[in-house]
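These notes concern the structure reproduced below.
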Amino acid sequence: MTCGQVQGNLAQCIGFLQKGGVVPPSCCTGVKNILNSSRTTADRRAVCSCLKAAAGAVRGINPNNAEALPGKCGVNIPYKISTSTNCNSIN
């Protein structure tokens with residue numbers, strides 16, 4: 001999965017990531033697409049790097065909202081979505 005695909009899948013999440021509130025169903029669909037496409041360690045590390053880059057590039061993202069997003073969508077991502085995450089530690 002490319003960073004462009006990760007960003008495309010998360011485009012509907014920007015409002016929630018910035019302001020909180022209700023997570024749109026289309027956002028959760030994107031989150032689940034990313035998770036389902038991350039089958040190998042290399043995939044998970046690549047997605048992590050893309051998420052880190054996106055978190056740093058989009059203005060106004062609330063770190064607490066980013067951390068809460070997987071749970072709000074009913075999925076478990078085995079690492080924290082944060083600009084400080086060490087993607088190389090992901091298996």
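For all residues, glycine too, the Cβ spot is worked out from N, Cα and C.
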Legend entry - Candidates CYS28, CYS48, CYS50, CYS87 - disulfide partner of CYS73 as recorded in Swiss-Prot: CYS28
Inset, instruction - Regarding the disulphide bond with CYS48, report which of CYS3, CYS87 Swiss-Prot records as its partner. - result: CYS87
Legend entry - Swiss-Prot annotation, disulfide partner among CYS3, CYS27 for CYS13: CYS27
Legend entry - Inter-residue Cα distance where the pair is CYS87 (disulfide bond) and CYS50 (disulfide bond), in Å: 10
Inset, instruction - By CA-CA distance, flag whichever of CYS27, CYS73, TYR79 among the recorded positions is nearest to CYS48 (disulfide bond). - result: TYR79
Legend entry - Those disulfide-bonded residues listed as CYS13, CYS28, CYS73, CYS87, and which of them has the most Cβ atoms within 10 Å of its own Cβ: CYS13
Legend entry - Chain-internal residues, separated by at least six, CB under 8 A from TYR79 (1,2-diacyl-sn-glycero-3-phosphocholine binding site): ARG44, CYS48, THR85, CYS87, SER89, ILE90
